[in-house]
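**Student:** Take this structure, written in structure tokens, and hold onto it; I'll ask about it next.
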């Protein structure tokens, strides 16, 4: 009853609402990793840009590091297979690109900022019009489209319409030698001669190639390949004097343009004489004075038909066959300054992108700056280390440089696009810069370090734990084997193992399950599937120590426990010898291995490097280990005494006879009470109006209740309200939270050391750390605990504070189970607040983290909030003195910067919530991950600055920003060359409609205002409600569901302006779009909106004077008449202005402009 009397409590003020908008904003920013299921590749040698299309309809353009553009195709007939990008063709030098989808639809894309927008679309119907090849003219005005029917169509890129003449295959057949009597088949390749722009070289499917002359509209020369069957394609040299023609039987030959006779080596099969597979792509260039042929495929069909290879053959006899572990999608070769000198080979594979130096006869690999294969080995866990200090970051870089010594030093050839000038940072900022490092654990036992501070996801180090496990006979140097050329017999292709993708693991027990990393010291702890915990660091010690090994048994012979799972991993015996060489892994010192028995998977870990302690949990209990002295501290078994089986299968539970009998009596009593007359019953208040879902208490004997879910080291108030003590907190699946008090001996220093009288120092005795159980909490609902965090009065987590800092008292502990949050006071453990997520939202908590949020606001707003007692969650970490009664305070040194720490949580539905602490009031709720994406939900991890990363596919990472102060997104742009004749078309339209255009401009200028938030408003107030109620979509995406509405405003207009169009233009000229990535891309429109205007006219005949108008005489009998007219107009896709809202202290984004063009439907 009290909650009804109190009502809803104190509501946040208007200032708080404004502050929430300034602090919290959800948006998808950048994408990292390798595109999922790539299907097409294209390279622009003029602007030096690379484009990749995927089977899911994604289109990505890459230039120099930092220049990334995203686009997304949309569904036509609700079939996902139609999104498959089959061909890509650049309009060279303009920045535009053409894509052909499986729906046989041709789309022209144009970059606007960091987004690719589809500006023109052309569908092809009919089987004979199935597009098989594309070729853009050197003059950038035409596109030649080859079809499977054997015809070539010309597409005018300005109007995006088919124009005459069409090169029909029957016309070509009439002009070829009579010896060729076959149907030529589909168009496989079209090439324009660089020295004769009026001539086309066309390769048909069935061994016919013709040189077509547009001036005479005839076949100038025909080339017939005898006995080769199907042709695949051709490539023309830079001089236009010869071309290389390759075929489906694995052969190729170089023909002269001026000589239709076949060359002498027309039957050359590089991997013959056995039948070979098709050559899918071929390039020809030069290395010094030698010719170099690069081709994919062509392997002997019977012996090596399953190999995925790209071969590099030089005329001096040097041959290399790059053997990859995934399918070759396509490749291209970059050349030096429009010459035949080959520089870099870029290969797009199904699972990775590889590049090689063609100027070096050894064909060394090149380390690409982006598109790295995150899933080279399957990713098994993620860990994001925030605020890594500069010294640790440099240590990791030094270790990584030792692994990169075998890569080529040639510069990356794809350097297109431009970056803003403000990206350059000063040396002073770099000295104090903090880094974000993503650590990914893999199935093969490796841990990869990725620098994710900026837009680029850069691999900086690869730590392998597999080198310390196994027998000596199994061990080999994998790194040397990967980079060496493994030559086979003389008659076979010279294979070389290439690429990093390796989906197979020698031993599944090596898989990494948990990672702990200290951002201030560089201490690394890796937990594996077989209970192994590897301890390593990046500290360069003068004295190296050999590898140590120790095991800790959690169950021993407890109740006859039998482990039915896999065996533990064996450490290599030669590493454990007393005189063994210290174990290092390319710059990292591996100090020891802790084996937890039974060898179950590590479920959670905690690290406190300053104390020298690490704790690990399994399904059977937890261990505490002193890794500095390499001695165990204690272990605790969490198994229920009734557990009689091992964890190799689900833990079985026995129900006691007493409990079974009690439940039987309860069911009996319940059955009697429900046999009364139900028709006379009146529903109670609780039955009539359920307030929330009930959180049912779970049985204590639920399976896997002994699993330790989370561990936490913290120095807080446990036994005394005045003194902090080091503690270890653990929680299980059965909602049991245990608090262990740690006794750390004082560190011995040189000042406290007392020398002996004899002068001989006694042997150093290692410090002993002890632990004892101090308190235990049992949550009633018994839901698994997913996280524990202790924070001070300002809401800052004590485990994120610097060494020696305890935070401002009092401390509070947040315990997050799968169903609810609960806040307790310390040391009394008195409940303060709780938030029932499952009862209110129907979701379960998967992950929690504390993030810091900041924004710039006016000092007046800060002063008003300070005087009005803001919520306790508001706080500032400035240098000003804080009021002990009010958490929110003013920063004296930076009065316009406001800071706040909040709780971030992820649910199993893929939603991310931001809650204030300790009030647990919701500040933001965003649908971040699709609820069906289980891998994405389980892989998501947060940073301390309000960002998140998750696996959007097996190879890609999606970046999310929750804070307005920290947004990492691509800022590079691609210059766009305007289409020719655009200006002349506009001038003609302006000249024809000068009066109407002038009137339109006058009225638009009257009603166009700039609101304080920076959004351009061009609609009249009387019609704002119409635009607000209309539901607008962008490629099937409902704009109203966007989290960032009104961040972008797109103003559109029509090319041909008439009086009616001016009237419709005044009704609604502004369409507001959302900020979206991947599936949601800004402004991908084919139709902006369909507007319907209704005009109502009422005629009262009595008020009309007696004027001799014949048209009105017919209305005399009707007296009062009301007439309603309806008119509709479709505004076609053209974007003239995109203005981004300047909010939350972000830099103002430039306004890209494009010229108006109508789309063809």
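Cβ from N, Cα, C; glycine included.
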**Student:** If Swiss-Prot marks one of 869, 1042 as phosphoserine, which residue does it mark?
**Tutor:** 869
**Student:** From 395, 887, 939, name the one Swiss-Prot lists as phosphoserine.
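**Tutor:** Checking Swiss-Prot against 395, 887, 939, the phosphoserine entry points to 887.
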**Student:** So which of 264, 473, 498, 1075 shows up as phosphoserine in Swiss-Prot?
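**Tutor:** Record lookup in Swiss-Prot returns phosphoserine for 473.
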**Student:** Name the residue among 99, 198, 591, 893 that Swiss-Prot annotates as phosphoserine.
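**Tutor:** The residue tagged phosphoserine by Swiss-Prot is 893.
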**Student:** Which of the listed positions, 673, 679, does Swiss-Prot note as phosphoserine?
**Tutor:** 679
**Student:** Do you know which of 79, 256, 1013 is annotated phosphoserine by Swiss-Prot?
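**Tutor:** Residue annotated phosphoserine in Swiss-Prot: 1013.
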**Student:** Going by Swiss-Prot, point out which residue in 133, 484, 738, 916 is annotated as phosphoserine.
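**Tutor:** With Swiss-Prot as the source, phosphoserine is noted for 484.
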**Student:** Provide the three-state DSSP residue tally for the repeat 'WD 2' (82-128): helix first, then strand, then coil.
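**Tutor:** Split into helix, strand and coil, the repeat 'WD 2' (82-128) gives 4 helix, 30 strand, 13 coil.
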**Student:** Among all the protein chains here, how many other CB atoms are within 10 A of the CB of residue 808 (phosphoserine)?
**Tutor:** 14
**Student:** Can you tell me the three-state DSSP label for residue 808 (phosphoserine)?
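**Tutor:** Going by the DSSP assignment, residue 808 (phosphoserine) belongs to neither helix nor strand, so it counts as coil.
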**Student:** Please list, for the repeat 'WD 5' (231-263), how many residues fall into helix, strand and coil according to DSSP.
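**Tutor:** DSSP classes over the repeat 'WD 5' (231-263) add up to 0 helix, 17 strand, 16 coil.
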**Student:** Based on DSSP, tally up the residues of the repeat 'WD 7' (328-358) by helix, strand and coil.
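**Tutor:** DSSP composition of the repeat 'WD 7' (328-358): 0 helix, 22 strand, 9 coil.
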